[in-house]
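Going by TrEMBL, these are the annotated features:
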DOMAIN    8-141  domain 'EamA'
TRANSMEM  36-58  transmembrane segment
TRANSMEM  70-92  transmembrane segment
TRANSMEM  98-118  transmembrane segment
TRANSMEM  127-145  transmembrane segment
TRANSMEM  151-168  transmembrane segment
TRANSMEM  180-204  transmembrane segment
TRANSMEM  210-230  transmembrane segment
TRANSMEM  242-258  transmembrane segment
TRANSMEM  264-282  transmembrane segment
């Protein structure tokens, strides 16, 4: 693997994270006009069409999985569904940078869950980093403080659900097609939107909201393609840390578009979470436990 390949992979990963964060911004802007479940439904329909075409092109539209793998695919999809609901609920009601910062705790929660559920070794260095990282999350949430939002608990719920999703991926057979797994998750998330939309009022799309939804869908698709290619070009150890570029993008979008700026304590907490997450990724690489990379999210 050459340095140029790593740089190319890192740039593509940063582009993927930028696209995912713009997707989040479009969805947050959409919340002024369109209810949550209606937005999930229509965006999910676009994602299903794209992923189905991609599966057919790559020959990954396979339903002959073993019972164990089907169970893990469904478990992963359930985590995706829960993560989408909790994440978007938090996003619709909190500053985008705060939600993004809390989600940066995922490498920490996945490492801890892998140790507890999968019995993977967890040394004192990573265990200490995880404890410090979760302290950083508390600085972001600030329970009992004037800036505390109950919706931050939804962001934590998203972390828990996505942790379940990623643990399920670690247990899947290597021959389970990654794009097919994402397609099943997209169907589950869209089903959540359809069921929820049946019991909530609908709103007509204006030209602005239709463009915002289209932008969210296109950014999601671009982010998916880019995150796949990033791992093909570069080494995971070099490319993976660039996932944290999404936090910087979220900070900029929060200020420019939504006039949101986290307080000093939340910024310190975000820095702690990122630093401990990077250390955890470094230790994972040193131990040569590089989990299977299925693109991050349908949300």
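Cβ coordinates come from backbone N, Cα and C, glycine included.
Remember, predicted model here, so these are calculated numbers, not experimental data.
By the count of Cβ pairs under 8 Å, the stretch nearest in packing to the transmembrane segment (264-282) among 36-58, 70-92, 127-145, 180-204, 242-258 is 127-145. Within the domain 'EamA' (8-141), the DSSP-based counts of helix, strand and coil residues read 111 helix, 0 strand, 23 coil. Only sequence-distant pairs (6 or more apart) were considered; of these, at least three Cβ pairs between the transmembrane segment (70-92) and the transmembrane segment (180-204) are under 8 A, so the stretches are in contact. Counting Cβ pairs closer than 8 Å and at least 6 residues apart in sequence, the transmembrane segment (36-58) and the transmembrane segment (180-204) reach three or more and so form a contact. When pLDDT is averaged over the domain 'EamA' (8-141), the result is 92.
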